[in-house]
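These notes are about the structure you will find just below.
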Amino acid sequence: MAKSLVLSSLLLALLLAAPLASLADNNVLLTGDVLHTDNQLSFESAAFVMQGDCNLVLYNEAGGFQSNTHGRGVGCTLTLNNLGQLEIHSANSNTPVWVSPRNINTVQGNYAAVLGPDQHVTIYGPAIWSTPAPNRHERRATVSDIPRVRNVLFSSQVMSDNAQLATRDYSLVMRDDCNLALTKGGQTNIVWESGTSGRGQHCFMRLGHTGLIEISDDRLNSVWRSNTVGQEGDYVLILQINGQAVVYGPAVWSTASSASAAL
């Protein structure tokens with residue numbers, strides 16, 4: 001079955017060459033966002049597709065996943081609810097066609113589903129830290145509207161020497177003057193900053209396994225912290241299309257752990 005999945009993945013890439021190219025880094029679905037029929041999340045060679053037959057399928061090289069909902073709805077869409085669950089909805093019904101398992105420890109909040117480098121979709125949340133919210137009229141967009149981005153930092157990863165996350169005209173930059181800055185439309189238009197310019201040399205920013213963001217200098221002295229600590233686990237920092245940087249976690253569900261629905 002794994003071989004057939006790889007072949008299916010290659011066929012999908014050939015059939016949808018243009019969408020895959022234009023949506024190559026559409027790797028995030030947030031609570032309240034909508035993945036419409038025949039749209040997908042994608043990262044490198046992996047694609048998480050809300051198919052026209054109402055089946056949600058992850059095409060990858062690591063065993064894949066499917067919701068097993070073929071033919072159970074029409075015009076199906078995928079959303080992420082405020083308990084960290086994916087929901088498939090049919091246009092002809094008010095009842096969800098399929099809902100992903102709920103972690104017993106989850107609480108209401110904002111979650112994020114991320115198709116990551118491991119070629120699996122993992123749900124993180126709830127949000128435990130964020131930069132200030134921007135203008136509300138920029139808040140939502142369907143996944144098909146999101147451009148190519150470099151928008152995600154995972155637990156244990158670091159940024160330094162002007163490295164950045166980016167989406168649309170927003171950037172979150174770990175500047176070489178030791179300041180972490182969120183900018184819009186250019187490096188001089190600062191939306192938010194850590195206020196740590198000049199407080200260290202060769203500084204770097206790291207996302208820890210409790211969701212803590214910390215800026216340290218080259219002597220490992222702490223320069224700034226987000227002061228939001230969750231339980232031990234895997235977290236993700238996402239620079240969202242509305243220009244807000246948000247930490248979600250810990251991970252509450254993944255296609256990698258859902259063997260019962262694997263292809």
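Numbering starts at 1 and runs along the chain as displayed.
Note: Cβ is positioned from N, Cα and C throughout, glycine not excepted.
Feature annotation from Swiss-Prot assigns signal peptide to 1-24.
Taken from Swiss-Prot, the feature domain 'Bulb-type lectin 1' applies to 26-136, supported by sequence analysis. Residues of the domain 'Bulb-type lectin 1' (26-136) grouped by DSSP class, helix first, strand second and coil last, total 1 helix, 43 strand, 67 coil.
The disulfide bond feature in Swiss-Prot is assigned to Cys54-Cys76 (among others); the stated evidence is similarity to another entry. On its own chain, Cys76 (disulfide bond) has Thr37, Met50, Gln51, Cys54, Thr69, Ile88, His89, Ser90, Ala91, Val97 as residues at least 6 apart in sequence with a Cβ closer than 8 Å to its own Cβ.
For 150-260, the entry in Swiss-Prot reads domain 'Bulb-type lectin 2', with the evidence type sequence analysis. The domain 'Bulb-type lectin 2' (150-260): residue composition by secondary structure is 5 helix, 50 strand, 56 coil, according to DSSP.
Non-local contacts of Cys203 (disulfide bond) by the CB criterion (under 8 A, 6+ apart in sequence, same chain) comprise Ser160, Met174, Asp176, Cys178, Thr196, Ile215, Ser216, Asp217, Asp218, Val223. Sequence annotations record features per position, and here Swiss-Prot assigns disulfide bond to Cys178-Cys203 (among others) based on similarity to another entry.
Around the Cβ of Cys54 (disulfide bond), the number of neighbouring Cβ atoms within 10 Å comes to 23. Of all Cβ atoms in the shown protein chains, 23 besides its own fall within 10 Å of the Cβ of Cys178 (disulfide bond).
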